[in-house]
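All remarks here apply to the structure that follows.
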Amino acid sequence: MASSCSTNKATECASPSPTETTCPDVAETAGGSKCKDGADDAGPSKDVCESKASVFTSPDEAVSTYGIVEGDCNEFSDDCEDVCEDSDIENSVEEIEQCERMSCIDTKFEENDKLSPTTSISAINSGSWSGKRKLEVQNGFPSKKPFPEEKTAILCLKKETSLNPLEREKTKIPRSIIPSKDNPPLEMTEWIQQFQRWSNAERLLAIDQLIETCEPTQVRHMMQVIEPQFQRDFISLLPKELALYVLSFLEPRDLLRAAQTCRNWRFLAEDNLLWREKCREAGIEEVRDNRRRPRVASLWKAAFMRQHTIEMNWRTKPVRPPKVLKGHDDHVITCLQFSGNRIVSGSDDNTLKVWSATTGKCLRTLVGHTGGVWSSQMSGTIIISGSTDRTLKVWNADSGQCIYTLYGHTSTVRCMHLHGKKVVSGSRDATLRVWNIDSGECLHVLIGHLAAVRCVQYDGRLVVSGAYDYMVKVWNPDREECLHTLQGHTNRVYSLQFDGIHVVSGSLDTSIRVWEVETGACRHTLMGHQSLTSGMELRNNILVSGNADSTVKVWDIVTGQCLQTLSGPNKHQSAVTCLQFNNKFVITSSDDGTVKLWDVRTGDFIHNLVALESGGSGGVVWRLRANETKLVCAVGSRNGTEETKLLVLDFDVDNK
């Protein structure tokens, strides 16, 4: 059949019926390509077969017409033979593409005349070319080498069937459009549907295998998509009560940071009740409604923030330069009181002065004592003073008028303590007296000490006194009865603290003793100081003691342990004269002319609040009193190097 078509191609192509335009040899040799009308798009018509048969009467004509080299058309080039014949079927896709590029017949006809491979082969076979390939085709012998397009198809088919599905997917020609949600690959919908039909175990297995086949960049993309799914704003999802309960465990500083996260967190982090609890923990008991400030979401938060700012002012520097209150000439300021906006100073010049803490002006000078004033107490507008003239006086701070003069003691009134409407005074006459300040009446006289009473404490129920007879006594003032005599000190008792449960006494014997007020038993003896304990303060079982050895110590009176010793290179260089502390700071004054600020928890020195130029050469800070925002210091000297005055340091945030 092939021979017949070769011998008389024009005749046989013209002889079939109108519906048959196939050259049989071409159809058979080309793997079944037919010249049928409407059957194959690439199949040529009868006229095309005849024209191509006549055109290719010689190789020269084919070369001149289509630019085909005889070596290219007769067989593949040597390189193509080596690649396509000797390489293994499992060669790379690049080698297959090389074979396709080197398929000369296919590409040349497509470029020049856009003819199908079948037509091209028919045209070549209709000519008088010589060569092994031509003879094999004409004689109907099986060819060792298929045509280029056949070999390419065979190689691609074998290559595709030998690859796994994922590798086969990689060999496909890239899509011309970038895939997206709106334009997914055609196979993706079926793949997703199959995944949805699987069980949970099958899905997990598929995901594991998918991850193993992914490249690092693809795994990273998975993480970026998956991780946000597990990031939930649980605070916003919780009911408000539970969310506030969770936030209540945060420190105030963390609450302020949380408020900057988002609007919902800010709303929760500014809850008024939440900040009220934080204020309670910080010791803030009342809210200050400052109308000069813009409205805030939480008044308790504003109160907390105000205190925080004030604390930072203490740690850095006062808001404004200190006010200087000059008075008492060159005399010693022996006692100092500070309450509200009033400062009261007593001096050995026989007078007391009332000052405004805001303006620094002297409001009143209380004159009436005939001896130096050595003790004082203040409550509201009432001032009580004790003098070397053996009397007590009750004053009205607003008018400066002396309301009562209390007679009874036979020596200097050295100490006193006010509680409510009663004041207890201790004297060098070794007695204590209880007075009613509203009536000026002496209610009780407590007799029992053998020497001068140096210090006294009164809580409204019991009186505790320390004296130069080395003893501490606990009294029931209503019955004028001594309940306990606390013996143990071996020298004069100079200082006392009493909280209703414990009595703490400081002595010239360098020891501090902690007693139980109900039983009179000594619980602890606190050793560590080297000299006289001149001043102490007790708050919530924490005791701070100042000593003439220039050190300050912080104690736990329940355990008897020394928590901190405020010393080191920045310690005082002389005796500590006065001290005061709160839950943040310890403030101490000294004969060296300085006032120092310490951290009560760590014992670290922060900085000097006051440092007199005459310090070390006679300048002394005798007394100090402080409240939340102000510090009042009584300074002077014993040799005239420093003028007697009061210094008022202001740390209030509102004065900026």
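Quick reminder: no glycine exception, Cβ is built from N, Cα and C everywhere.
TrEMBL: automatically predicted annotations, no manual curation.
Taken from TrEMBL, the feature region 'Disordered' applies to 1-44.
Sequence annotations record features per position, and here TrEMBL assigns compositional bias 'Basic and acidic residues' to 34-44.
Mean per-residue pLDDT, taken over the domain 'F-box' (232-278), amounts to 90. Here TrEMBL flags 232-278 as domain 'F-box'.
Positions annotated as repeat 'WD' by TrEMBL: 339-365 (among others). With a threshold of 8 Å between CB atoms, the same-chain residues lying at least 6 positions outside the repeat 'WD' (339-365) that come near it are 323-325, 327-329, 331-333, 371-376, 378-380, 383, 385, 387, 395, 397, 399-400, 625, 630, 632, 634, 644, 646, 648.
The annotation repeat 'WD' is assigned in TrEMBL to 366-405 (among others). Here the repeat 'WD' (366-405) has long-range neighbours at 334-335, 337, 339, 342, 344, 346-354, 411-418, 423, 425, 427, 435, 437, 440, meaning same-chain residues at least 6 beyond its ends whose C-beta is under 8 angstroms from one of its own.
Residues annotated as repeat 'WD' in TrEMBL: 406-445 (among others).
Per TrEMBL, the feature repeat 'WD' maps to 446-485 (among others).
Residues 451, 454-457, 459, 461-462, 464-468, 470-474, 531-538, 541, 543, 545, 547, 555, 557, 560 of the same chain sit 6 or more residues outside the repeat 'WD' (486-525) yet have a Cβ under 8 Å from a Cβ within it. Here TrEMBL flags 486-525 (among others) as repeat 'WD'.
According to TrEMBL, the feature repeat 'WD' maps to 526-565 (among others). Outside the repeat 'WD' (526-565) by six or more residues, the chain places 494-499, 502, 504, 506-508, 510-514, 571-583, 586, 588, 590, 592, 598, 600, 602-603 with a CB less than 8 A from a CB of the stretch.
Remote same-chain partners of the repeat 'WD' (569-608), defined as residues 6 or more beyond its termini with a Cβ less than 8 Å from a stretch Cβ, comprise 282-283, 311, 314-315, 531, 534-537, 539, 542, 544, 546-552, 554, 563, 614-616, 619-626, 631, 633, 635, 642. For 569-608 (among others), the entry in TrEMBL reads repeat 'WD'.
Within its own chain, the repeat 'WD' (446-485) is flanked in space by residues 411, 414-420, 422, 424-434, 491-500, 503, 505, 507, 513, 515, 517, 519-520, which lie at least six positions past its ends and keep a Cβ under 8 Å from the stretch.
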